[in-house]
Structures are given as C-alpha cells and as structure tokens.
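What follows is one structure encoded as structure tokens, with my remarks underneath.
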Amino acid sequence: MESPDPSQIEEQEKKSVKMTKGPKRQADSKVSDNGVLQPLKMSKQELYKAPTVEEFNQLKEAENLFHCNLLKMQMDELLKEVALSEHRKNLLDSFVQQVTHLLHSVPKSEVVELEDLSWLSGVEVPFLFIPKVAKGKFHMEPPESINLVGSYPLGTCIKPQVSVDLAVTIPASILHPMDAINQRYPQKRALYLAGLVQHLMSTKTVGSLRFSCLHGNRLRPLLLIKPKGKDSSGVTLRVHAVPPPNFLKPSRFHPRKNNVRTEWFTGVANKQQERSEPPTPHYNSTILGDHLPLSHLQFLSAISTQCPPFRDVVALLKVWLRQRGLDQGAGCFCGFHASMLLAYLLSTHKVAKSMNAYQLFRNVLHFLASTDLTKNGITLAKNADTKAPSIPEFHMAFSVVFVDPSGHLNLCADMTTFTYKQIQHEALLSLKIWDDPTVDCFQALFMTTKSMIRTYDNVFYLSELVKLQASCKKLSLLNELMDHSGNYVLAAFPFILSLLQQGLGERIHLLAHSLPPDPEWSVDSAPPKHKDQPPLCIGLLLNLQHALSNLERGPPADSPMATEFRQMWGSRSELRRFQDGAITEAVVWSGGSACQKRLILREIISHLLQLHADIPGSSVRFVGQLDSLITVDKENPTTGEEESLKVIQAYEDLSRKLWQLEGLPLSITSVQGAHQVIRCTQVFPPVPVKLDYSFFDGEKNPVGLMPKADKPCPYYITPIKVIVHMEGSGKWPSNHLAIHHIKAAFHVCLGELLNKHHKYRYHAKPTYLDVWKDGLAFRIHVAYQREPQILREALTPEGMLIYRDNREAQSLELETQHKPYLTSTLHGLQQQHACFGAVSRLSKRWLASQFLLEDIQEEPADLLVASLFLHSAPFDPPCSPQVGFLRFLYVLSTFDWRNNPLIVNLNQKLTAADYAELKKDFVASRESLPAMFIATPNDKTVSVWTKEAPSVQMLQHAVMLAAKSLQVVQAQLVNSSLKQDIRVVFRPSLEAFDVLIHLVPKQVPLLAKAVDPPLATFQQGVFKGSASTERALPIIDYDPVRLYLSELREAFGDLALFFYDPFGGTVIAVLWKPKAFEAQSFKTTLMNARKVEVHNDVVSTVPNIEAILQDFQLIGEGLVKTVELRTEKWVI
C-alpha cells in the first residue's frame, strides 16, 4: 500500500482550515512543516471586536434556554460526533453507485410457478411459507428503478450504526393486480430479493450478504449488503424490494378489509358462505407501507428544507431513543417515526420553524409526554380522499394511531399500547430531568444506556415461545394469526400483556416489554422460525403502596362484576367477609415477611399465564431474587426488614424511658440513635435472643458470661449505639479529662436508674453504658455539646486561648453529632422508599465479601445508596433490592470520582447555587481532598466519611471489581443458558494475595452469615426470642477475628495489608506492601519483625518473613487453623 504524499496532506489540511473559517472573523492559520496546525494568531483589534449578531444571539440563547453554557456545548459536540463525515459519505455514495449498477444488470429469467424454486441455487428464500406457498407466476428481470430512501438522503443518518436504505422497484410485469390476496405479493417480494442475491453472489464484488426483516415484520424481508475491506463494519446497505408507486389502490388496504382468506389460511373449506371474512389491518398496513417510501421521503424533504434545525433534532431524538432501546425491533419508535412526528408538529404549527434544535427537541418530548395516541390519534393528511379511513376506524383496528400524509397508512400499526406508554413515561421523566438544574441532564438523557435489567424493578422472561401457539388456541386468536401471517408470537403477545396489566392493576405504575429483535441470517440458510427468537422480556415499575399487598379485593358477591372477577382469578377467588361487614370476592396471596411478599407478583403472573394462556411456569423465568444473600432467619425467611423494625421499636421504648428518668443531676436534652440498624441498613440486623446458661461458665466475670473451655465462640451480640446529650450547665468542667469523669458518673447513674425503675440489666464502663433490654444490647454514650470545642482549645506560652483542630475532636464530633444526624436522616429516607434498607444491606454485603467494607465504610456506602434514590436520573427510584444493587454497582464503577464530587442532597436542602459553589470549591481544592468525595448539606467541604479511606488505589480496585461484578451479574440474569449462581460475584478472588490465614470455623462468630455457609451448624449459647429475666449479661461486641486483625495491623501494618470478610469469612488475606522488602539502614528502634544482614560491611535490616509467619500463628493461637504461603507471589 502506497503512503500518501506529505504535500497532499498539507494541501488538504489547508483546505479544511479554510472551509471551517467563519464568515465574520477570519485569521490566518499556520501549518508547520510536519503538517501540525499551529494556534491562530489574532490581532488585538480582532481579539476584542464586539460580538456579531449571530454570536450575541447564541450567547443569549445559551443563557435563557440552557442550564449552563456547558450543556449547549455538549449537545453541539454530540451532534458533531454522530454526524457522518464527508469521507464516510463519499464512501457510501461510491458503494451505492456500485451496487445500483450491479442490480441494474440482473438477467431476465423464464416464467415459473411461485412454488418452483429450481432456478435458485445457493440461496434460500427469506420467507416463512405459512401456511403454504400461494399460487401464481414469477420471473426475474432488472428492477424498474432504484432509489435512495430513508434517513441518508434526508440527512438524518447518524453513527455508529450507519444504514443506507435502497428501494428497488419490482417491475410491474412480475406483479399481478390481485397479488395483495393471500400473501402472493410478500412471497414475490421475497423471491425477487433472493434473485438479487443470486446475481450479486455471482459478481463477487460486494462484501457479506445477509437477510433481515424491517422492524421484525417477516412479510418485509431485507437484504443487508456490506462493502468489502475495512469499511465493512461501519456501513450497511439495506435493500428493500417495493412495488411500483400506485400499483395497488390504497383503498384496498382499508383497516376493515380482508386480504387473507380463512379457507386459504386454515386449509378448511368455509361451509358458512354467508360468514364475513375478518379484517386484516396489520397485513394491509404491511403491503401498503411498501408503496409509500418515496412519497414519505419527498414529504419529509420538503419539511426539512423549511426548518434548518430539522436534521439536528432528529439526530438528538435518535440518540435518545437508542439509549432507551426503543428504536429497533417489532413495533418500535424509530428515527422515521421521530422524523414524521417532528414534521407533524411543524406542519400543524404546534412548533415554529424558527425554533432552534433545543426548543424543538423539548417540544417533541412534551408532545409525547402529554398526548395519548392510544386514545386520540393524529394524522398528517391534510386533504385525504373520501375513501381514506377515519381516525375512529383506525382506533378500532390498531392500538396506537399516527396516520401518514396519504391518509391511508397508520405509521404505528405494529406498536403496542405498552410500548407507547413506555415512550410517554420516558418523555415525561426526561422533561423532569431537564427541568432540574442540579442534574447533569446531558449525561442522563443522551449518554446513559437504559437496559431493561437496570430500569425496571421486576423483570421476567417468556421462554419456549413455541408455547404461544397453545396460547393462541386458548385465547381463540385465529383472526389475529391470519392478520400476522402465522406469527403466533406477535399475535398472542399483546393479549398476554393486556392480561397481565389487568391482573396487576394498581400494583404497578408501568408495564413495559422488550421489542422482538430484527433477526439476521445467512442468505444460504432458511429464515429462523418464530420460536427461535430470543425470550420476550417484560419489565414492571412497581407501586410499592400496593405491590406487596396480600389481598386482591374484588366486587361484592351480588355485583354483576363478581362473575368477571371469578373468571379472571379462577379457583383462587373466594368469598370473604371483612371487618366492615362487606362480603366480597377476594384473592389472598401467601407471604408474611417483606421478602416473601416480593414473590407475590411472581405468583400472580404465573397463575394468570397458566390459567388464561396455557403458559406453564417452566416457561416463565423471573430475574434476580438476591434476597438469599441477606437472609437473617433461614427457618422463616426474612431479609432484615422485620428485625430492623423490632430493634427500632425497642430503641424508641428505651428512648421514652430515658426521657422519663427522674433523679439525674442534669436533664437529658436529646436521645439519638447512632447505629446503622436504626436507619435499617445493617447487613444482618440483631435479633432478640435469650441465653443458654449451660453454655457458659458459672463463675462470675466482670466482663460478662464466659463460654466453657470446650465450647465454640459465643453468639455475637451487636451493641446498638445510642447518644444521650445532657443539658449544658456551668457545672460542667472545662477540662476534657474532668468531663470524661463526669460522663462516667452519668453512665453509672443512668444504669442504676434504669435498673431501679425498669429492672434492666446493665454494665457501666467509663466510656459507655451497656443496657440489656428485650434480648438486645444498647450501648449508651453520654455526650456534652461543648466537648469537641473544649478539645480544640489550647493555651499559647503567652497565655492566649486559641483553637486548633485535632483528630480527637473530629472523631468525637463525628460520633456524637454527624452520625446521629445521618442516622435520623436516612431513617426518614427509609420511610419514603421502603427498599432503601434492603438495597443498602445488599450493597454492603457485596463490599464486605470483596474485602472493601473497611475502605468504603458503612456510612459512605449508605450515602452512595441514598444517592440512587434521591438522584435516580435517568431512572425512577428503585423499588426492588435487585435493581438497586445493579445501579449501585453501575454508579460505583462509572462515576468520575477524580473530577466530580458525589453530592447527596439529603432532605433537598441544597439549591442549584449550592451545587455550583460546591463543584467550584471541589475543583479548586481537588488535590487536598479525599479520593472519594461525598458531599451532603451538612458536609460540603470536608467529606468527613471518606477523609481517611478509601485510598486512591483501593478506590480504583473497588471501581474495577464493581464493573466486573456488574458485567457478570447482568450476563447471568439475562442469559438463561449460563449457570444461575449470583453468589459468584460475592466470592472474592484470592489469587492476588501473598499469604492466606485460614481460621477455625467454630471460632468465627458470624459463620452462619457467610456467602457459602456450612451445612452443619453449632450451638453458640443462645436461643431465639426475648427473655423476661436474665441472671447476667453476656459478653457484648465480642468478635475474636476482629481483635486478632487489630493486633496484626498494629504489629505488621507497616509491612502488609490485611483483608477479611466480617460476615462469616474464614480467611484473612495478606498482601505485602510494595516497599516491604526494601532493605533499611540499621536502627535499634526499627527492629520490629526485621533481621540484620551485612553486605560489603554495610549493615541493614530486612523483614524476617519466617518469624512474621510464625507470629501470625502464635498471635492467633486457637483461632488460626493454618497459614498458607503463596511463595510464587513474593520473593524474600
């Protein structure tokens, strides 16, 4: 391959520079000798020239219409990015000319019967002959004409999927005026395409040849042609075979007319001659649609020339539709529909031609959001002929009505009501996003892909589509089968969706479905059967006020509606008497806990499909159900909601009793929960227990009840932290040590009063008070409001009082002020969004299993999950743990932590101005801020929860793990052929670690909560259920593994990193630090875990690995089972 001449490159670049110059301001651009553009040098007069009228208008437009100038620039850059380059257009034009020339040279063949395919060799006809081949004659000859149609000649074709449509007109001599009857025309159309393929294959001048069909319609096959060479991946030429314009009269395809005879379709003679044939509106619209591509192009071209931004608006709409998966497949809303809708708004003067692209795009979304085409259809026909159908007639035949300029064709004939409702919902949601100045609307609208699995709360798949044949029979859909030419999937699917919508009712806000994809197949292969297409996906947006209800209450027993209700629910319907005295029909679904109630929708869907459509449960696959990973009680499956509620009720009761205490030196000013269980986000909430005293040693111990020597580790009892603020008074000392003594006295006093008035067992310590209430342990900390301020006070040598921030004051402020505030705020969020707690617990379970919970700690993890509910754009707030967890992984893996703060607007206290100021301050101070910066209304500049962790390296590791986990989880949820084991992303890879410390399972207190818990369990000294009396307090907050870890980090933290899953992990993974094995100069103060080496009379120290590994075993004696060395991972 010859390299281009550098002089030619320079000349082309000079030309391109000249072409890009504006008409008003020009400056000479310079190109260096190596062909690199140099910065423009402008004179002082040009640099400070007043803005032109055009520039002034653009500035004013950006100020008035956009949230900021950045949004306008982003949209402009997007349009440049998706537009076809001149080079790409030249390639396309050349390729179109080449194919056109080849098609014009198609040889003429002899006339044969339609069923005679002997003249074809090496090519299969792209048509499913259902029920059989029609009668008629056929022959090949060159096309009557070949024309470019669709988006390319209109100028609305965009990248990356560049498709050019070529309409090849079938000669009139091949067709017959009666070909519209009984699929004769569609079969001839398919045969003509096969003949074109045979000719192109003989020339061997084009690239790959494949068949497809237009928007999933098997009656409209397409030929896909790609060029040879490196350009084949980015360009596809779609060849449509169409009849001559006006070959068949449009009136023949009226929605109420029949063009597929029952006798021909069924093969059974029609004995009732007087019986009228059923209308075939979908079949009619298919045939009629082939007659109109040229007239549609002419109409759109005329509109676009009158409105300069027309092409840009269509490009934006295409990107918007593509990101939502609405532009491809059967019944889609593609770029052609978007162009026609914009043309409708312009032609009916609902929008002005002088509007810019931004205004037009917003108006299109507003029209979609506010106009229900399922009830009030629209038409582009201004002067339709008298034989054209009326809008009510279209509504009788189709779900969605949008009539083309001819007045005869419904452009949305194949669209279901549910697809249009989905489009409406997306448009309304997009407008809300656009009107919110705190949201990055460009990212939400144009850059985020909304897959079904991350968009909808519940998703299920209908597989084994061959079973829909039985559904058609059960639902008596012979007429619909005829109308869809035997495609039982498209015939039955709308009825199944309507059935589910009726059955689910108020339980859902929206029912959406995937669009059956456009199949592609090789030209030498038979077309795929209807049953071979991928499973149909159905998504539900839940209404949590009703979604989890156990009761479906029907009409009164004597109501005419009762019969319909009983028919709907079958044997599940029964008469019930309610407390208000009413006797009505009702259906009761099983489910006591929240996780069981989440299965009610599955039960409803399976029941309805089996009862009314003969679809067995084996053909319905529900996606997700990750509840098992956070199950608290496996005997009575719960996922923590009920346990958290019991703890909150016990805390509120304790809080009331603390407020009512009398005899305290100072009164209590506030009682605040500061534990994650109070905000319903503890992975495994504590459950009330009573002690098995036979498990413990009878001897008294000041720490608490100790287990017998031969017993395993006792049950882990979680201390629930409560902050009690005492009133301010002059009696409080100003010395922090004296304050500690006063607080210790208050702990003793509170314990004695609680024991005296309520018989609560307690254990007072200098820094806290443990109270045993209803089988739960509450750890009370007395706080003094001014203590953090006192800790910051210091005296200079001159005796001046100054304030210096310090770690102790920050830590105390965090525990006594920030944490209680966060707990109460997130508790309120849980009241608004019932699944917030479950999503947070599931997300933190993943963090813990991947050894990340000590870096992305509890509070930042809760805030990250809270952002999914408070700032859910471009989605709705999640209403199921599954979709919330997927979005958590997505945000963690895709958020730009380096360049943006994560702003969590708790209680909606931050304004748009606050957002702008916060981002500005973040950019100015980025280098001094944490790697993960999370801002809240009470913490705008510091990010107190992530100040210490994670480090840059651990954050990058978390991002990488989240991205990989999301990929694996989505693949498993979507692809039924993969082994369904969601737990795989909760199992950490141990390959990267240098040493593995295996623990004795019986000494791990939370072993039963492991990702893969052991089958055999052991007794840990407790029974489930609260106890009325207790003889002594158990050991609270005793986790030997955590204590062992703290000793390891204290002793060897400068040499290694230690990782552990706190929820039942039996392995501590050790990773040597990169500089651990560097030799250091000998110092007697730095000999911990090191040994002396002498090289060339130079004394240095290196880590004593053998001794360190022995220490691992010795420090953990009784806890450590083995220490596994991975010597191939490190060298001494």
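Each Cβ is built from the backbone N, Cα and C atoms, and glycine gets one as well.
Listed features, source TrEMBL:
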- 1-34: region 'Disordered' (REGION)
- 164-305: domain 'Nrap protein' (DOMAIN)
- 310-448: domain 'Nrap protein' (DOMAIN)
- 453-613: domain 'Nrap protein' (DOMAIN)
- 625-831: domain 'Nrap protein' (DOMAIN)
- 833-988: domain 'Nrap protein' (DOMAIN)
- 990-1123: domain 'Nrap protein' (DOMAIN)
Residue distribution over DSSP helix, strand and coil in the domain 'Nrap protein' (990-1123): 33 helix, 37 strand, 64 coil
Using DSSP, how many residues in the domain 'Nrap protein' (310-448) fall into helix, strand and coil? 73 helix, 5 strand, 61 coil
Across the domain 'Nrap protein' (625-831), the model's average pLDDT, rounded to a whole number, is 89
Helix-strand-coil residue split for the domain 'Nrap protein' (164-305), DSSP-based: 62 helix, 24 strand, 56 coil
